[in-house]
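Listed in TrEMBL for this protein:
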type	residues	note
DOMAIN	41-292	domain 'G-protein coupled receptors family 1 profile'
TRANSMEM	26-46	transmembrane segment
TRANSMEM	58-78	transmembrane segment
TRANSMEM	98-118	transmembrane segment
TRANSMEM	130-154	transmembrane segment
TRANSMEM	211-229	transmembrane segment
TRANSMEM	241-265	transmembrane segment
TRANSMEM	271-291	transmembrane segment
Amino acid sequence: MGLFNVTHPAAFLLTGIPGLESAHSWLAGPLCMMYAVALGANALILQAVRVKPSLHEPMYYFLSMLSFSDLAMSMATLPTVLRTFCLNARNIAFDACFIQMFLIHSFSMMESGILLAMSFDRYVAICDPLHYATVLTNGVIAGIGVAVTARSFITFFPLPFLFKRLPICRSNVLSHSYCLHPDRIKLACADITINSIYGFFVLVSTFGMDMIFIFLSYVLILHSVMAIVSRKERLKALNTCVSHILAVLAFYVPMIGVSVVHRFGKHAPRFVHVLMSNVYLFVPPVLNPLIYSAKTKEIRRAIIRMLRPIKM
């Protein structure tokens, strides 16, 4: 009972971009456009995969999972970001901040797991095409989706309990317009070693391992492609991977940037930390549907047909 008998504020104060407070109203417009693109484009992909029988294939099922995670991530950050930038309403209740923190980290890990699953899909399609349909059955795809989701929520389940044991007595002002675990533990006036170790363990054992396996899958894919005699067929095989490679870069490059700035850029201006975090959370949900719509002919055609007005 006494484990959580510590001092906590009733609410936290969120922060937009330090040093640019006067420009928040101007930044609200571009942010609203980014959210509109992220929500609308990902919803279109989900609907296209749902209603078009030609898209009922493993690759597009995984793409719909990616669109769902991007949609969920955008919805998790949207309320506080728009309140902060549009209404200058910076307060968020203590428990609401916990929920948002849990959702942001969980959906971020879910996206990493889905990108790994998509690399496995590309590996099977290129390295073992004859068994593609028998390896990636609907049951296997559903199992992968459940496993990715379960890993995300189970891994971050201890975070609220690890944080609630810490007293907060320094300040209640957060560095972002949303709640993140590294940002919140900085406010604690107690030993945060356990939280830091657990956070590092999660980062290495999930995101780190996902990156390693994605890299290894492309090493195997490249080795298989180089064995193809025809140059045209080699380029055709590699072209099927371009969208996924761009999605991986859009997700992991900002994440690595945030980690580097957090670990080694302690003397960098605060707005650099905030800007990198914003890029990490806001850019992938916007870029992913645009990448797949531009590079995948089947998705592009399905969306155009859905948006084309019905002729009378």
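Cβ coordinates come from backbone N, Cα and C, glycine included.
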>> Give the nonlocal contacts of the transmembrane segment (241-265) in its own chain as ranges (CB under 8 Å, at least six residues past its ends).
In response: 66, 111-112, 115, 118-119, 122, 126, 182, 203, 207, 211, 214, 218, 221, 272-273, 276-277, 279-280, 283-284, 287-288, 291-292, 295-296
>> Just to confirm my parser: what is the rounded mean pLDDT across the domain 'G-protein coupled receptors family 1 profile' (41-292)?
In response: 90
>> Do any residues, 6 or more residues outside the transmembrane segment (26-46), come within under 8 Å Cβ-to-Cβ of it, and if so which ones?
In response: 16-17, 20, 63-64, 67-68, 70-71, 74-75, 78, 81-82, 85-86, 282, 285-286, 288-290, 292-293, 299, 303, 306-307
